[in-house]
Amino acid sequence: MFIQLHNVNKEFTSGKNVVFSLRNISFNVNKGQIITILGPSGSGKSTLLNLIGGIDRVDSGDILIGDMNISKLSDKDLTLYRRNKIGFVFQFYNLIPNLNVYENVEVAANISKNPLSLEKVLDSVGMLDKKDKFPQELSGGEQQRVSIARALAKNPEILLCDEPTGALDFKTAKEILMLLEKINKEYNTTIFIVTHNTAIIGMADRIIRLRSGEIVEDKINSAKISAEGVEW
Amino acid sequence: MVLNKRIFRVLLKQKAIYIGSIVLVMLSSLLYSNLNIAMKNVEKNKDLFLEKTKVEDAKAILQRPIDNIKKLEDKFNISIEARRQFDANISENTTIRVFEKTSKVNIPYIVEGNDIKSMNEILLEPNFAKTNGYNLGDKINILDKEFTIVGFFSMPDYIYPLKSEGDIMINYKIFGTAIISDKAMNEMPIKGTVYYLLKSHSGSLEEIKEYLGENHFIIFWQEINDNPRFSFVNAKLMGSAKMAIALPSMILLLTSLLVAVVLWRMIKTEFTQIGTLYALGYSKKEIGLHYLSFVNIIALTGGIIGTIFGLFLVKPLAEYFTFYFNIPLIDNSFDYKYILGSLLIPYIFIIPTMLIVLFKALRYSPVKLMRGKTENSKVGFIEKSLNLKKLRFPAKFKIREITKSIPRLFVLIFGITLSSMFLLLGFLYRNSIDYLLNQSLNDVFKYEYNYVLKSYETSNIYGGEEYNFSVFKVNGKVESFVVFGIKPNSQFINLIDKNSKPISEDNVIITKPLAKTLKVKEGDTIVITNKYNNDNYTIKIDKIAEIYTGNNIYMPLYKLNNLLGFDSNSFIGIFSKEKLNIPEEKILKFETKNDIKEAFKAIINPLKVSLGLVSFIAFFIALIVIYVVTGLSIEENKTNISMFKILGYTHREINDLILNTFTIPIIIGFVLSIPLLIKSMDTLLNSLAQNIDFTFPLKLNTVSIILGFLILYITFEVSKYFSKKNIFKIPMSEALKTQRE
Ligand SMILES: Nc1ncnc2c1ncn2[C@@H]1O[C@H](COP(=O)(O)OP(=O)(O)OP(=O)(O)O)[C@@H](O)[C@H]1O
Ligand SMILES: [Mg+2]
């Protein structure tokens, strides 16, 4: 098993009140899978993703990536973990406005031990011809492509996408999904996709559904279709 | 207005930036009002002093004395008073110039103690007394007569007590002034020179000058404004008055630009809110006033704190200033309304810059503002045209960051340049003085020991290099100067001309200060009078030596001996590098160069305080400017920093990207400051030198520049240290928040 979660718990409190808690989350994931995480707003999807991505820490339980228990890592090692293993894609692309496309991808490559060729990455997300453009000059879909390129440039083993298509129209969203699928095939990257959109589950190997901080469904998608076939 | 409730919330959120701005406002309003009050106070005291002491309009030496002063006074509507003076040595190196007490013109002002009542009482110049350890009630011996010091005085024609008019610096260690009664003067073994002090009541000196010229033959005539002992203080005052305006004005300008950049940044992040407010029906005026209230808080808080500090500082500063200008503090009251000015001054500077920023922001339409995209929608010209492909990523990022906001860059460079100039000012002064001393004490005078023997000898059996000297005066122009006879090709005295070329010692060479006083040029002939026997000699001046201190003439040893009618090998002094074995009983006087250096250092010390203060202010300004600009940059890059953290950047890598961005502009600012400082000081000195003869070499050496840069670098590091904490505090969740600004 590549990723293993054992009894992961995480609470958010405000004063003495617990405002939210992720309770007893356990699941295993194989390398190279596409996992969708579904659930209503506030159910803890992003929280779960952040824990796996090492930008937040568990209160109890273990998260094993390969044979590394990231819940036991020091801040410094956690930083290294993010740096070497994780790529993030957000709903709002978080590009640096005064850097051009190429430079925005370089942000990630800059700290990577063995980054992919930036030209190649930009080519595979279809942005090579726009590499000198600035974020303001791009459409939302294009910006998301750049943000995916940035996540990809480090050649991560895990790609964590939090509502990657949330701000995009249907056609563009589908292109992004196809891109993710292509990456999954090309690089054998394990991809988590958090979404509200139930249509997306069709392209996943695995579907995890959350409600109020608990897993209410965890199933393997036996009828996996290609991203091209996803419709909503 | 409901809006105003958020003011403090906003201020608190970015308190470092606002506190920095407030401190800068405080500093500048404090300096502005205090320096100006202190200057006004000095000027007032100077006027009072000149009025009280009835300062002369001119002084003269006449060949035929005036015997009926009263008659002339009535005839020309003028006050005339004859004042005798003589120089006496009270120790080996120390000369005291003793004046007779006057009662109509140049009346001594008693700073401390009492006036003289009896014949054996004396008044001393206070700084001279302090430097040499004389207290009230002490005894002092002058030409074998004992006097009791009863008071300290100040005298308008000697406010700046230069020994000779060619000097630049006063040196209380070697020269001072004193006043005794006319009866005591009568009893002294030497007669002294009589100066007639003139004070016109009609405002005109023409008639009396003509009359004296025809009937009494004028040997020497000097109007008060040509007297450096008076006009130096005026020049110093003028120079300081200019600085007192320029210095805080520059800081205020810097402050207002910095506050403008801060406000602009704030408005920019709030475009959406402003648009929403418009849409809600708020008027431009209401929104404008809201933003002005931030500026108001900065200006008011800074102004009030500055004013409070200012109140405490006014008196000590006035005291320090009057001390610095050698003017007695007669009236230390000041008008409190001036200090109120320090409340208003910040507004005068800051409001216009603010209005420009506001107009720029508020001219956008509400719809545009609501979309919040006014500035971001276009890619800047600079951003587009920069070609950074060849650079490594950190360099690219830094250049992008530097060029992101040109006003911010400008404020940073301006601030660094300004503070570096303040920082280097002290060094400039030190180096210039050192140069002046070194040049005269090390480059020109190569000896370490100087012996003066009790009697003339003709063959040197001691070693070293023999020389002769005699003391002369030029009637009506110079009381005393030394003519040296030195060996041709002297090893110990190396004079240079104004092109820094060595002058051969075959020539008759005059030092620059003496040449100025005597107004001689190379090739002129002058008549000099020996002080010992009053014989007159005519000598031709061949060369003027480029040297900033000392009143001397140098000629070949045989020439001086011939002139005086001595054996051509005669000598009375010996220069040497090593200590010589000369029998004790043969030595009259013995000095080492160190003694002289020490004496000079004593003069520089009082200035160290003010220069130290200026350096401290410089450090502070640099710190605030760097901190605020870096703070803004961190604020703007909040999401980016958070993003860097998510991507797995280490703290060190982020600190380098964000904090070292401004290294290059800071270096540029520093480099700019060097020529700017020298140019501006040169301009200042030149504007002062129009009134007086004055040469002061401006020098700034490499060590000082490196040291100055080091201090700036430390400032930068300190500011980085504080900023690191702010970067550290930014959470990764910042980038996860919905929309970026
Ligand atoms: N740092 C935090 N401090 C306190 N509460 C938090 C924090 N982060 C998340 N929460 C709370 O935890 C709950 C789960 O949040 P999470 O972002 O994981 O939900 P989500 O499933 O991603 O929702 P959405 O679909 O709206 O993005 C929410 O109620 C949220 O308010
Ligand atoms: Mg979420």
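Cβ atoms here come from the backbone N, Cα and C positions, even for glycine.
Here the domain 'ABC3 transporter permease C-terminal' (B:247-366) is broken down by DSSP into helix, strand and coil counts: 102 helix, 0 strand, 18 coil. If you look up TrEMBL, you'll see B:247-366 (among others) marked as domain 'ABC3 transporter permease C-terminal'.
When DSSP labels each residue, the domain 'ABC3 transporter permease C-terminal' (B:613-716) comes out as 88 helix, 0 strand, 16 coil, counted as helix, strand and coil in that order. Residues or ranges marked as domain 'ABC3 transporter permease C-terminal' by TrEMBL: B:613-716 (among others).
For the transmembrane segment (B:16-35), the list of distant contacts is 243-245, 247-249, 251-252, 254-255, 258-259, 262, 297-299, 301-303, 305-307, 309-310, 313-314, 317, 338-339, 341-343, 345-346, 350, 617, 620-621, 624-625, 627-628, 631-632, 635, 722, 726: same-chain residues at least six beyond its ends, Cβ to Cβ under 8 Å. Annotated transmembrane segment per TrEMBL: B:16-35 (among others), in sequence order.
The feature transmembrane segment is assigned by TrEMBL to B:245-267 (among others). Through the fold, the transmembrane segment (B:245-267) approaches residues 10, 17-18, 20-21, 24-25, 27-29, 31-32, 35-36, 274, 291, 294-295, 298, 345-346, 349-350, 352-354, 356-358, 360-361, 405, 407-408, 410-411, 414-415, 418, 422, 621, 625, 628-629, 632, 635-636 of its own chain, all at least 6 residues removed from its boundaries and within a Cβ separation under 8 Å.
Here TrEMBL flags B:288-314 (among others) as transmembrane segment.
Taken from TrEMBL, the feature transmembrane segment covers B:338-362 (among others).
Taken from TrEMBL, the feature transmembrane segment covers B:409-429 (among others). Outside the transmembrane segment (B:409-429), and at least 6 residues removed from its termini, the chain residues within Cβ reach (under 8 Å) are 247, 250-251, 254, 257-258, 261, 402-403, 607, 611-612, 614-615, 617-619, 621-622, 625-626, 629, 662, 665-666, 668-670, 672-674, 676-678, 680-681, 698-700, 704-705, 707-708, 711-712.
The transmembrane segment annotation in TrEMBL covers B:611-634 (among others).
Under the heading transmembrane segment, TrEMBL lists B:654-678 (among others).
What TrEMBL lists as transmembrane segment is B:698-716 (among others).
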With pairs 6 or more apart in sequence, are the transmembrane segment (B:338-362) and the transmembrane segment (B:611-634) linked by at least 3 Cβ pairs under 8 Å? no
The predicted model's mean pLDDT over the domain 'ABC3 transporter permease C-terminal' (B:613-716) is 87
